[in-house]
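For reference, the structure discussed in these notes is given below.
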Amino acid sequence: MALPQGMTEAAAVIFLIFLVGGAFSVVEHTGAFNQGVVWLVKVLGDRTDLVVPICCVTFAACGAVEGMWEEIVPLVPVLLLLVRRAGYDPITAVAMSIGAAAVGVAFSPINPFSVGIAQKVAQLPLLSGLEFRMAVLVAGLVIWTWWTMRHAKGMRTAPEVAFRETTVPLDWRQAAILLMVGATFAVYVFGAVRYDWGFNELGALFFGMGVVAGLLAGLGIDGTARAFVEGFRSMAFAATLIGFARAIFVVLDKGKIVDTVINGMVTPLADLPAVVFALGMTVVQAAISIAIPSTSGRAVLTMPILVPMSDLLGVSRQVTVLAYQFGAGVINHILPTDGTLMAVLALAGVRFDRWFRFAAPACAMLFVLGLLAIAVAVVTGLR
């Protein structure tokens, strides 16, 4: 029963994956992505090493601003094309996209779906502690970008192999389609921030974009529909993985395992000194992430327990939010129960064990950064 229920509870994300995947399949059939990447590589010339830092900063910003996560799945084919032409491997594509986005989510000063919810539960003003979080975000992004570039350069193929394909110039239709893709993302970000748009609006936006792109490129109604179906087919495995990941949480929740684990891990922290308590909260949040991949879900479940305890021990609520945010966010890089991460890895053709070996050392560095930031926040009395 857990699997059907998991599929049902993840239906919004699953249908989003199908709709967005279908739309990007249409755009891919127009040739716009391929020619756009060729144009970008041509503009960069011998500076294709800028691809990694540019993408890391972009995806980290999206993660920090609006919690970009599931939206990355349909971008995987484009990213693979980009890294292949730049001479990098698929792990680089995953690292500079969902890996960088995870850094943005983990240290974000403004993400409404993580720090926003946690601050609301803790009865703190939104955007409070912004400057402190910004400083930690920059430090975390530098660490992740350096680690990704280090790997990318070590695995890079010779330029003559990477750019062997022959290409044709980008025409006006393809340029218009690429601009429309960018505008669609911009409209969604605006709607999410201003009008609290969710998966339904995002799916509708990209469905409309796919239809318009297909007709503009001359695919016709039949060709556009066929391209959509191909996109649906390519996303079936990723969508199934998301359902399986949700089913794991259903089992943990129905068996009352989640509540037991949270209470069992939090209670021993009550007798610790303030700094140790704050660091312990961070570790506990990281451990809870394995059972509860949802950042917003973790905030709702754990903050009502940790906030009163932090008040009693003289630890500021801002520090409690930081502990939730840093502990829960950093571990997102290596969570096998996160359906979106597993979907991205599956589409990129990267086994989880290979990704874990790449990401775990960087996650350890980011976690240490988070612990140091927590200690500084306690000592300085951040509020």
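Including glycine, each Cβ sits where the backbone N, Cα and C put it.
Just so you know, TrEMBL annotations never went through curation; they're auto-generated.
Beyond its flanks by at least six residues, the transmembrane segment (90-110) meets 51-52, 55-65, 67-69, 72, 75-76, 79-80, 82-83, 116, 127, 129-131, 133-134, 136-137, 140-141, 144-145, 147-148, 151-152, 155, 295, 325-326, 328-330, 332-333, 340-341, 344-345, 348-350, 354-355, 358-359, 362, 366, 370 of its own chain at Cβ-Cβ distances under 8 Å. TrEMBL lists 90-110 (among others) with the feature transmembrane segment.
Positions annotated as transmembrane segment by TrEMBL: 130-149 (among others). Tertiary neighbourhood of the transmembrane segment (130-149): same-chain residues 49, 52-53, 56-57, 60, 64, 92, 95-96, 99-100, 103-104, 106-110, 115, 322, 325-326, 361-362, 365-366, 369-370, 373, 377, 382, selected by CB-CB distance under 8 Å and a gap of 6+ residues from either end.
Look at TrEMBL and you will find 170-190 (among others) tagged as transmembrane segment.
Positions annotated as transmembrane segment by TrEMBL: 202-222 (among others).
Here TrEMBL flags 234-252 (among others) as transmembrane segment.
Annotation comment: TrEMBL describes 272-292 (among others) as transmembrane segment.
Here the transmembrane segment (355-382) has long-range neighbours at 91, 94-95, 99, 103, 106-107, 129, 132, 136, 139-140, 143-144, 147-148, 151, 274-275, 278-279, 282, 286, 315-316, 318-319, 322-323, 326-327, 330-331, 333-334, 345, meaning same-chain residues at least 6 beyond its ends whose C-beta is under 8 angstroms from one of its own. Marked as transmembrane segment by TrEMBL: 355-382 (among others).
Counting residues 6+ beyond its ends, the transmembrane segment (170-190) has Cβ neighbours under 8 Å at 27, 30-33, 35-36, 38-39, 62, 65-66, 71, 197, 201-202, 205-206, 209, 212-213, 216-218 in the same chain. Nonlocal intrachain contacts for the transmembrane segment (202-222), taken as residues 6+ away from its ends with a CB within less than 8 angstroms of a stretch CB, comprise 15-16, 19-20, 22-27, 29-32, 71, 74, 173-174, 176-177, 180-181, 184, 187-188, 228, 231.
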